[in-house]
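J.: The feature ATP binding site is assigned by Swiss-Prot to GLY42, PRO43, ARG44, GLY45, CYS46, GLY47, LYS48, THR49. Taken from Swiss-Prot, the feature Zn(2+) binding site covers CYS61, CYS70, CYS73, CYS76, and the record attributes it to similarity to another entry. According to Swiss-Prot, the feature compositional bias 'Basic and acidic residues' maps to 402-412, 536-559. Annotated region 'Disordered' per Swiss-Prot: 389-423, 525-559, in sequence order.
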Amino acid sequence: MALYRKYRPASFAEVVGQEHVTAPLSVALDAGRINHAYLFSGPRGCGKTSSARILARSLNCAQGPTANPCGVCESCVSLAPNAPGSIDVVELDAASHGGVDDTRELRDRAFYAPVQSRYRVFIVDEAHMVTTAGFNALLKIVEEPPEHLIFIFATTEPEKVLPTIRSRTHHYPFRLLPPRTMRALLARICEQEGVVVDDAVYPLVIRAGGGSPRDTLSVLDQLLAGAADTHVTYTRALGLLGVTDVALIDDAVDALAACDAAALFGAIESVIDGGHDPRRFATDLLERFRDLIVLQSVPDAASRGVVDAPEDALDRMREQAARIGRATLTRYAEVVQAGLGEMRGATAPRLLLEVVCARLLLPSASDAESALLQRVERIETRLDMSIPAPQAVPRPSAAAAEPKHQPAREPRPVLAPTPASSEPTVAAVRSMWPTVRDKVRLRSRTTEVMLAGATVRALEDNTLVLTHESAPLARRLSEQRNADVLAEALKDALGVNWRVRCETGEPAAAASPVGGGANVATAKAVNPAPTANSTQRDEEEHMLAEAGRGDPSPRRDPEEVALELLQNELGARRIDNA
């Protein structure tokens, strides 16, 4: 006997994961508040029909109506799971008997009194398949049924049930089981069956079942039927379920984290050599990206049951989530999702999978905001890895220090020609902009990276208006958290309490700092020797300019870039159409 039939619940207490339905039904039964029509809705295989039979059993129990049937009376025995049934409980499959003639026959039979039970119960399964004429034939008897008659409608699409019928029922929505509840159910059944199942098999079975207890038990039944020595191994489950080996997923994610094209396409080759479906691999890769995003956003996602994986796999996934930024993972998921849509019905899914991998490796091939954020994130990571810890620099002698510091202090009166009580002008802010950026860098390196390409445009009341050539970065800079960082940096550098707003536009002609020529002349007069800090700053500014450039080299067609990468990495040859 199939597992889902063998372990079918016999009472509301045995129904798993539907407490929001079984609890109010039990209270209503014990209190004697019985309605003449019920509507059970929800996804397939979540217990609607089984609960309808339990409700009929509870209503007709000799000690009922009760939420806990005795199980020994004639009605309880006949309505037990896998029992022959009762003459007073009629099940109608509306998928094959949903016409007006079938419902008229049911209506005529409904007026007869029950033979040996308290109620005559009609269970209409797949109720959404009943035609409009059939529902109209039932409408009058559902509105004003005899006292002994109860209808129970079960459907996966309650919106297709006639509204006049639906409004006269008590509607109970069923739902799918969460992974943690499903895993406990599977472990209990495997223990009762005396079968040992590897821990890595449970996530595969739960994912294949899609949260439906019936479908999940069917998958588990298939694995138990083919298990040798009552032991279900991870390797056997992979072969039977057609799931991609987690090692191949790890290889692909590690290659993406390292931007290693050869390793990524090598993983694709292993997928094809192993006989895996490219579409299934793309689906499993998308699910991995989802798990990494959740782990990065919710560190305790595993303990909450949001991410279901073995402990060793969770350690690898946490390491991968730490190596790849959130913006990069989001773009990876978007690209793979779009690729899955292109693979649907494709005759060459492998080629499309390789093109998707090429897009993953080339964020510059797209001008979308997610690709721009990924490029900024990459440059920020490079900055964190390349900038060493600050080292102590030996101080120059007093004689050498005098000619350096003295010219630098002379231009200061130029910045404040007005009385000290007045606030700085736009020109003063432009001249002090490098200092402001240094203050921003101390608070948020991400915000400072996004300032590359931003210029000071104007000062409106107490609001400093910036202009950025990139619309996505302008929106990011205008967000509250980034605007607060800029306001605090301005307060430290200039002693002002200003708000900051960033707009999109071309840099103003007057964006160059006022008094810049004097500063340059002073720098030339001093002519200090290049230091490690100045070289480091030059490298920083170069990378930041690369991140924030508004008008990069002309965009290339993403398909052309992907094909070029395939030619360079795999030696592919392009075949033009005849």
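Backbone N, Cα and C define each Cβ position, glycine as well.
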J.: Given the binding-site residues CYS46, CYS70, CYS76, which one's Cβ is surrounded by the fewest other Cβ atoms within 10 Å?
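T.: Least crowded of the binding-site residues CYS46, CYS70, CYS76, by Cβ count within 10 Å, is CYS70.
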J.: Return only the integer: C-alpha distance in Å from LYS48 (ATP binding site) to CYS70 (Zn(2+) binding site).
T.: 22
J.: Which number gives the other C-beta atoms within 10 angstroms of the C-beta of GLY45 (ATP binding site), all protein chains shown included?
T.: 23
J.: Relative to the Cβ position of GLY47 (ATP binding site), how many further Cβ atoms are located within 10 Å?
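T.: Around GLY47 (ATP binding site), other Cβ atoms within 10 Å: 25.
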J.: Would you mind checking how many other C-beta atoms are within 10 angstroms of the C-beta on THR49 (ATP binding site)?
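T.: Its Cβ shell of radius 10 Å holds 18 other Cβ atoms.
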J.: List, in sequence order, the residues of the same chain other than GLY42, PRO43, ARG44, GLY45, CYS46, GLY47, LYS48, THR49 whose Cβ lies within 8 Å of the centroid of the Cβ atoms of the recorded ATP site.
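T.: Going along the sequence, the neighbours come out as ALA154, THR156, PHE174, SER212, ARG214.
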J.: According to DSSP, which kind of secondary structure is THR49 (ATP binding site) found in, if we only use helix, strand and coil?
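T.: In three-state terms, THR49 (ATP binding site) counts as helix.
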J.: When neighbour density is defined as the number of other C-beta atoms within 10 angstroms of a residue's C-beta, which of the binding-site residues ARG44, LYS48 has the lowest density?
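T.: Each of the binding-site residues ARG44, LYS48 was scored by Cβ atoms within 10 Å; lowest is ARG44.
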J.: How long is the line from the C-alpha of CYS73 (Zn(2+) binding site) to the C-alpha of THR49 (ATP binding site), rounded to the nearest angstrom?
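T.: Cα-Cα, rounded: 22 Å.
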J.: For the binding-site residues GLY42, PRO43, which one has its C-beta crowded by the most other C-beta atoms within 10 angstroms?
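T.: Comparing the binding-site residues GLY42, PRO43, the most crowded Cβ belongs to GLY42.
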J.: If one measures from the C-alpha of GLY47 (ATP binding site) to the C-alpha of CYS76 (Zn(2+) binding site), what distance in angstrom results, rounded to a whole number?
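T.: On Cα coordinates alone, these residues lie 19 Å apart.
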J.: Give me the sequence-ordered set of same-chain residues, not including CYS61, CYS70, CYS73, CYS76, with a C-beta within 8 angstroms of the centroid of the Zn(2+) site's C-beta atoms.
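T.: Neighbours found: ARG57, ASN60, ALA62, GLN63, GLY64, PRO69, GLY71, VAL72, GLU74, SER75, VAL77.
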J.: Of CYS61, CYS73, the binding-site residues given in the record, which has the fewest other CB atoms within 10 A of its CB?
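T.: Across CYS61, CYS73, these binding-site residues, the one with fewest Cβ atoms within 10 Å is CYS73.
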